[in-house]
Amino acid sequence: MEEGFRDRAAFIRGAKDIAKEVKKHAAKKVVKGLDRVQDEYSRRSYSRFEEEDDDDDFPAPSDGYYRGEGTQDEEEGGASSDATEGHDEDDEIYEGEYQGIPRAESGGKGERMADGAPLAGVRGGLSDGEGPPGGRGEAQRRKEREELAQQYEAILRECGHGRFQWTLYFVLGLALMADGVEVFVVGFVLPSAEKDMCLSDSNKGMLGLIVYLGMMVGAFLWGGLADRLGRRQCLLISLSVNSVFAFFSSFVQGYGTFLFCRLLSGVGIGGSIPIVFSYFSEFLAQEKRGEHLSWLCMFWMIGGVYAAAMAWAIIPHYGWSFQMGSAYQFHSWRVFVLVCAFPSVFAIGALTTQPESPRFFLENGKHDEAWMVLKQVHDTNMRAKGHPERVFSVTHIKTIHQEDELIEIQSDTGTWYQRWGVRALSLGGQVWGNFLSCFGPEYRRITLMMMGVWFTMSFSYYGLTVWFPDMIRHLQAVDYASRTKVFPGERVEHVTFNFTLENQIHRGGQYFNDKFIGLRLKSVSFEDSLFEECYFEDVTSSNTFFRNCTFINTVFYNTDLFEYKFVNSRLINSTFLHNKEGCPLDVTGTGEGAYMVYFVSFLGTLAVLPGNIVSALLMDKIGRLRMLAGSSVMSCVSCFFLSFGNSESAMIALLCLFGGVSIASWNALDVLTVELYPSDKRTTAFGFLNALCKLAAVLGISIFTSFVGITKAAPILFASAALALGSSLALKLPETRGQVLQ
């Protein structure tokens, strides 16, 4: 009996050992399968876990960052690293095994970062509850961020710079191009849209400013959300809002609905600049960041060139239109508005193929997601360089301890909108708190200085770039008025006028039994004249007025001579029949003036190309501050040449000069803003500063254009003073060249 019992016990122990070994191997196979499924970016059947038979050839690592660097002690003991096995004492798989994440108790011995620098703690010491209850001190969090920044920079160097970054460059370039297009759309369509929508001068002014107002709101909104919800997600939503309402604005008929659509379109595109620069910078190593962010700025110029070229090619084609009665009209300028939404639509489609920023994942404690994205970057670049066999060696990356999370409530608590309301309030509170932290003791001085630089730059740049075309139009008007023909005291009887009268003044004339049929009047004025027994039929006019005139027994049939065109005039026994329908306001429509707007904008945006190239090549060589201050000083000097601009050609040349030298300061300012703030505040601060930029633009445009036709001294003085102040403030900012991204 006793011998049989011993045999039975031995059999049971052997069965348990076999079952345990089978379970172990089955678990490893499952993990390998998961790793291959998750490794969709490398497109090769490579597993990060070595076969057990190969353990002697590939010893397990002793730390949590690299493979293939095991210790002799582990080999002799027959033990495998938790970083590669992922089993506890009971042979259970723990969460994160497939990512190669070391267990907490295994990370305390000899952990090191990707560049070999020592690093204390387990799993970054961030999620195991160390530190005082209720959160740790700010000094500890600052230390964590510095360690993460150093390790992240080393990982980006290992990933290299190649196909992935260039693909992302063109994708984000489309989003930046959409922002450049948005700035020009309203200005290009106004000469045509004012007739269809019957826009007064105040309506046109509001339409021009509403876009900047929308972009100001959008920059602050999407910039704040991108630090909480993610760069890619917020950029997709903001571009979707822009494209949807840009599409609607091409079809709506009323001024109010068009204004509303352009406002929301501006809100959508407002998130483009803050998110795009922050997003792209987090995939760039330190030695590439300044140059490639400057190359990215070129897409804003391409957006302006695209808008000007499309306006030139589409709007003058009046045949590209249709109408359904008098209620609905779709003219060529609406086609232009539709075409201007294409960059945003294409950017949305391309952005869906790109991953979220790994730096955002790490800042929010999402280690596994960040690892997968960085592995995608590494494998994409290595395949493109002809080294597909190179393996991404990093297995563990530091993450930041999260002290606050979005409030979650049970699904059966209240209604769905109450739950969403709670989450929205929580998110809004976090965004606002993050914004206020930009004015905390650590960043208050930087933020205030950056506010001054952004405001002065935007005030002078946008003010002058809008003032230039207005000055050109004023010079055109002065030249046009100098060629006005005056006909005094003429007497005309029994004559039929069926041609065009343009740029003429008729004073003291007498017209008896005359017929004005199919006549077109453009910038014609009749003063102190008499019309008796005359007949007006199918007459169209623009900028035409009858001042102190008398009409006796005169008939007006199917004309657009509305009441406001008769200034202090008397109509005795005169009749108006079937007046033309449409806008009763006097609009100039499209013509040479509109072509000049397209041409000037095209040249002005194209002129920044040399400045873009120079700034990109020198950004990492001379530094951000020297580039910003030097370009601002050169822009300030170029302002003094404006006093010599007394002709159209001279003003166009000065516009190109100013744009060419000022673009370098904008590029440097964008790079500096990205590098001065940490990753958890980057888009929030950038969005706020960009919103301030749009506010300064509105003020600059309003002030500068008020001096058109009065004096050139005031705009020159304001712009020069603002640029000088901005350059002096810029020199007091810290230089960020050569620093890792915080």
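Going from the start of the chain as shown, residues are counted 1 onward.
Quick reminder: no glycine exception, Cβ is built from N, Cα and C everywhere.
Of the listed residues (THR84, THR380), Swiss-Prot tags THR84 with phosphothreonine; the rest carry no such note in the record, though that does not show they lack it. According to Swiss-Prot, the listed position annotated as phosphoserine out of SER81, SER106 is SER81.
Taking the topological domains listed in Swiss-Prot, THR167 lies on the same side of the membrane as ARG682. All protein chains considered, the CB of ASN573 (N-linked glycosylation site) has 8 other CB atoms within 10 Å. Looking at the topological domain 'Extracellular' (191-205) alone, the prediction's average pLDDT is 77.
Below 8 angstroms of C-beta separation, residues 600, 604, 628, 632, 635, 639, 651, 654-655, 658-659, 662, 665-666, 669, 672-673, 676, 685, 689-690, 692-697, 699-701, 703-705, 707-708, 715, 718-720, 722-723, 725-726, 729-730, 732-733 of the same chain, each at least six residues beyond the ends of the transmembrane segment (448-468), sit close to that stretch. Counting Cβ pairs closer than 8 Å to the transmembrane segment (295-315), the top stretch among 170-190, 263-283, 686-708 is 170-190.
Annotation note: TYR480 (phosphotyrosine) sits in a helical segment as assigned by DSSP.
Helix first, then strand, then coil: DSSP counts for the topological domain 'Extracellular' (709-712) stand at 0 helix, 0 strand, 4 coil.
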